[in-house]
Amino acid sequence: MPEVSAKGTTISKKGFKKAVTKTQKKEGRKRKRCRKESYSIYIYKVLKQVHPDTGISSKAMSIMNSFVTDIFERIAGEASRLAHYNKRSTITSREIQTAVRLLLPGELAKHAVSEGTKAVTKYTSSK
């Protein structure tokens with residue numbers, strides 16, 4: 001008696017066996033892992049700069065990664081809004097700086113702005 005395939009067509013037993021073995025061979029191959037982006041290597045580098053003898057647990061790293069992602073999204077969103085308000089199509093360092101000033105409180109904003117300015121200056125001088 002002919003077998004019914006997954007598509008609903010009838011095929012002979014010999015053809016059915018061939019179809020089954022082909023799908024089994026495909027399953028045997030290793031699938032490429034889906035790459036998950038994170039800031040963990042950069043967080044680790046900063047940790048070693050600040051406290052060279054201190055380690056970090058995977059749970060703490062996960063929390064720090066979520067924190068960095070959240071702050072990045074907030075700054076990007078605010079900078080985008082500022083560019084839209086001023087009828088600009090480009091987010092520049094000025095929009096980022098203003099977004100940081102709006103989002104972060106007092107002294108933290110001042111430090112973030114000074115570090116950002118320093119990083120931009122270093123980048124432009126190396127070009």
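Indices start at 1 and increase along the chain as displayed.
Keep in mind that glycine also has a Cβ here, set from the backbone N, Cα and C atoms.
Per Swiss-Prot, SUMO2 cross-link is recorded for Lys7 (among others), and the stated evidence type is similarity to another entry.
The feature SUMO2 cross-link is assigned by Swiss-Prot to Lys22 (among others), with similarity to another entry given as support.
Counting Cβ atoms from all protein chains shown, Lys36 (ubiquitin cross-link) has 6 others lying within 10 Å of its own Cβ. As annotated by Swiss-Prot, ubiquitin cross-link applies to Lys36 (among others), with the evidence given as similarity to another entry.
Note: Lys122 (ubiquitin cross-link) has no non-local neighbours, i.e. no same-chain residues 6+ apart with C-beta under 8 A of its own C-beta. Among the features that Swiss-Prot reports, ubiquitin cross-link is placed at Lys122 (among others).
Taken from Swiss-Prot, the feature N6-acetyllysine applies to Lys14 (among others), supported by experimental evidence.
Summarising the annotation, Swiss-Prot assigns N6-crotonyllysine to Lys17 (among others) and lists similarity to another entry as the type of evidence.
Per Swiss-Prot, the feature N6-acetyllysine maps to Lys22 (among others); the stated evidence is experimental evidence.
Summarising the annotation, Swiss-Prot assigns N6-crotonyllysine to Lys25 (among others) and lists similarity to another entry as the type of evidence.
Residues or ranges marked as N6-lactoyllysine by Swiss-Prot on the basis of similarity to another entry: Lys25 (among others).
Residues or ranges marked as N6-succinyllysine by Swiss-Prot: Lys36 (among others).
Taken residue by residue with DSSP, Lys87 (N6-acetyllysine) is part of neither helix nor strand, so it is coil. Taken from Swiss-Prot, the feature N6-acetyllysine applies to Lys87 (among others), supported by similarity to another entry.
In the three-state DSSP scheme, Arg94 (omega-N-methylarginine) is classed as helix. When other Cβ atoms within 10 Å of the Cβ of Arg94 (omega-N-methylarginine) are tallied across all protein chains shown, the result is 13. For Arg94 (among others), the entry in Swiss-Prot reads omega-N-methylarginine, with the evidence type similarity to another entry.
Annotated N6-lactoyllysine per Swiss-Prot: Lys110 (among others), in sequence order, evidence recorded as similarity to another entry. The number of other CB atoms found within 10 A of the CB of Lys110 (N6-lactoyllysine), across every protein chain shown, is 12. According to DSSP, Lys110 (N6-lactoyllysine) is assigned to a helical segment.
The local packing around Thr117 (phosphothreonine), expressed as other Cβ atoms within 10 Å of its Cβ over all shown chains, amounts to 12. Sequence annotations record features per position, and here Swiss-Prot assigns phosphothreonine to Thr117 based on experimental evidence.
Counting only same-chain residues six or more apart in sequence, none has a Cβ lying under 8 angstroms from the Cβ of Lys118 (N6-lactoyllysine). Following the DSSP three-state reduction, the secondary structure of Lys118 (N6-lactoyllysine) is helix. Per Swiss-Prot, the feature N6-lactoyllysine maps to Lys118 (among others); the stated evidence is similarity to another entry.
The N6-methylated lysine annotation in Swiss-Prot covers Lys118.
Here the candidates are the recorded positions Lys36, Lys110, Thr117. The one whose C-alpha lies nearest to that of Arg94 (omega-N-methylarginine) is Thr117. Thr117 (phosphothreonine) has Lys110 as its nearest neighbour among the recorded positions Lys36, Lys87, Lys110, going by CA to CA distance.
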